[in-house]
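Colleague: In case it's useful when we look at the structure, here is the feature table from Swiss-Prot:
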- 71-84: intramembrane segment (INTRAMEM)
- 189-201: intramembrane segment (INTRAMEM)
- 1-11: topological domain 'Cytoplasmic' (TOPO_DOM)
- 30-48: topological domain 'Extracellular' (TOPO_DOM)
- 85-92: topological domain 'Cytoplasmic' (TOPO_DOM)
- 112-135: topological domain 'Extracellular' (TOPO_DOM)
- 156-165: topological domain 'Cytoplasmic' (TOPO_DOM)
- 184-188: topological domain 'Extracellular' (TOPO_DOM)
- 202-208: topological domain 'Extracellular' (TOPO_DOM)
- 227-271: topological domain 'Cytoplasmic' (TOPO_DOM)
- 12-29: transmembrane segment (TRANSMEM)
- 49-67: transmembrane segment (TRANSMEM)
- 93-111: transmembrane segment (TRANSMEM)
- 136-155: transmembrane segment (TRANSMEM)
- 166-183: transmembrane segment (TRANSMEM)
- 209-226: transmembrane segment (TRANSMEM)
Amino acid sequence: MASEFKKKLFWRAVVAEFLAMILFIFISIGSALGFHYPIKSNQTTGAVQDNVKVSLAFGLSIATLAQSVGHISGAHLNPAVTLGLLLSCQISVLRAIMYIIAQCVGAIVATAILSGITSSLPDNSLGLNALAPGVNSGQGLGIEIIGTLQLVLCVLATTDRRRRDLGGSGPLAIGFSVALGHLLAIDYTGCGINPARSFGSSVITHNFQDHWIFWVGPFIGAALAVLIYDFILAPRSSDLTDRVKVWTSGQVEEYDLDADDINSRVEMKPK
């Protein structure tokens, strides 16, 4: 873990997460806040159209940034995704901690910038996640779990280097998954499925009501996605010792893509 801490590539990846998170939050939430303007000038703009625009803004921004910085940091841009990849033994504990810090700080910075730019908007929530009227905490938690589960499951499947059947764009597939999560959850919770995104809005607005839902739900969803994919759908043969080595070293060998049996389980070992 100490050796990884000293590497320039490690810190470059952390900075990439920070900068990409700023762009992601600014673009996606900025798009949502922009609804105040067309609604006033164009009365035909409805809630359904608004939800689609928000969903596309979040999904396409993730796809774009994943393509832009994915080769540098992996473009997690979400603590739930980072937790999922940690539990899947693809990153070290140190990297996970630093990524989550970078993501949260990036979200705060972006939301603060948006707060200044959109200060004239009435009732400006800055994209604050909140339970819709009639939705209780248990229901909101369930929505966040399901929305995040499908996202992390998509990330694990799309980035699985054992697969030879993948075609098209991985970042675009993940972006569509983010958009799908928003289409599902936006009417119930405002769609968190990203604790850092929720945290930034709560910090700047000083509103932490029901905020725990937007951490606990995504983290449970991420853990369930790893359980389903790594232990049921596409299990890997790695014991506890190997997993601990990956968590501490952060270095994982490439999958054996030349294996005769591509359906065989692949063991992940640190270098």
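Heads up, the Cβ atoms here are built off N, Cα and C, so glycines get one too.
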Colleague: Are the transmembrane segment (12-29) and the transmembrane segment (209-226) close enough that 3 or more Cβ pairs fall under 8 Å, when only pairs 6 or more apart in sequence count?
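Modeller: Stretch pair does not touch.
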Colleague: By DSSP, what is the split of the topological domain 'Cytoplasmic' (156-165) into helix, strand and coil residues?
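Modeller: Looking at the topological domain 'Cytoplasmic' (156-165) with DSSP, the answer is 3 helix, 0 strand, 7 coil.
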Colleague: Does the structure show the transmembrane segment (49-67) and the transmembrane segment (136-155) touching, where I'm treating 3 or more Cβ pairs under 8 angstroms (sequence separation 6 or more) as a contact?
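Modeller: No, the transmembrane segment (49-67) and the transmembrane segment (136-155) are not in contact.
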Colleague: So what pLDDT does the topological domain 'Cytoplasmic' (227-271) average out to?
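Modeller: A mean pLDDT of 61 is what the model gives the topological domain 'Cytoplasmic' (227-271).
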Colleague: Using a Cβ cut-off of under 8 Å, list the residues of the same chain at least 6 residues beyond the topological domain 'Extracellular' (112-135) that approach it.
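Modeller: Those are 22, 25-26, 28-30, 32-33, 36, 143, 187-192, 197-198, 201-202, 204-205, 207, 209-211, 213-214, in sequence order.
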Colleague: Residues of the same chain, at least six outside the topological domain 'Extracellular' (184-188), with any C-beta under 8 angstroms of its C-beta?
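Modeller: Distal contacts: 51, 54-55, 131-132, 135, 139-140, 143-144, 146-147.
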